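**Q** Per Swiss-Prot, the features are:
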| type | residues | note |
| --- | --- | --- |
| SIGNAL | 1-26 | signal peptide |
| ACT_SITE | Asp70 | active site, nucleophile |
| BINDING | Asp70, Asp72, Asp193 | Mg(2+) binding site |
| ACT_SITE | Asp72 | active site, proton donor |
| BINDING | Thr138, Gly139, Lys178 | substrate binding site |
Amino acid sequence: MRKITLALSAFCLLFTLNSTVVDAHASSPSPLYPGTNVAKLAEQAPIHWVSVAQIENSLVGRPPMAVGFDIDDTVLFSSPGFWRGQKTYSPGSDAYLKNPEFWEKMNNGWDEFSIPKEVARALISMHVKRGDSIYFITGRSETRTETVSKTLQDDFLIPADNMNPVIFAGDKAGQNTKTQWLREKNIKMFYGDSDNDITAAHDVGVRGIRVLRASNSTYKPLPMAGAFGEEVIVNSEY
């Protein structure tokens, strides 16, 4: 009788433990992140991706030319200066972009806080090696003095023979201010992160190549790279 009682007790205990485990599994919340696999990780947006090496290869046999670069978010991660400008001159709004005092600061020293992008180092080095003439065309407002040209030349080790002073195209409503400069300087290739950079290039028949804007840039919203069928450089967000 005692053996039967012990067997029944063991069975009841086992049943209770099993029920507890089942209930625990049933009540557990589904994982927040379902995980991924190699196929998903390898997915890329169906746009015209290119590497710096592929761009270089496409230029083999071509003589030296004039090439242009936008500055902010293309060759420099300059959000620190713009962030400080907003906090200083117009907290919570973009009014600081119309304030000449901000541009005097930004164009005369605040780029010391800007981070040169690695993709820009690779691109500029490649074009310098080819003997190309380097232009920087920015939408920043022009100021009486500027140190941006020297900062860029120092950051990217551009020889004097290849370097041209920064062109401050400014920003005018309803007008793409970079177009005239691309035409005037006979630019053959233009790199930029914004839609205006790509459309300016296309408007004058120039090869426009998209550089990805970093996701933590203060310049929002992020543009849709590849939307105009342009080439987009891989891993160019930094």
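Using the three backbone atoms N, Cα and C, a Cβ is placed for every residue, glycine included.
Because the structure is a prediction, the values reported are computed rather than measured.
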**Q** Quick one: of the recorded positions Asp70, Thr138, Gly139, Lys178, which has its CA closest to the CA of Asp193 (Mg(2+) binding site)?
**A** Asp70
**Q** In whole Å, note down how far the CA of Gly139 (substrate binding site) lies from the CA of Asp70 (active site, nucleophile).
**A** 8
**Q** Could you tell me the maximum Cα-Cα distance in Å between the residues recorded as binding substrate, namely Thr138, Gly139, Lys178, rounded to a whole number?
**A** 8
**Q** Calculate the distance in Å between the alpha carbons (Cα) of Gly139 (substrate binding site) and Asp72 (Mg(2+) binding site), and round it to a whole number.
**A** 9
**Q** Name the residues of the same chain, 6+ apart in sequence, whose Cβ is under 8 Å from the Cβ of Asp72 (Mg(2+) binding site)?
**A** Ser78, Phe82, Thr138, Gly139, Arg140, Asp193, Tyr219
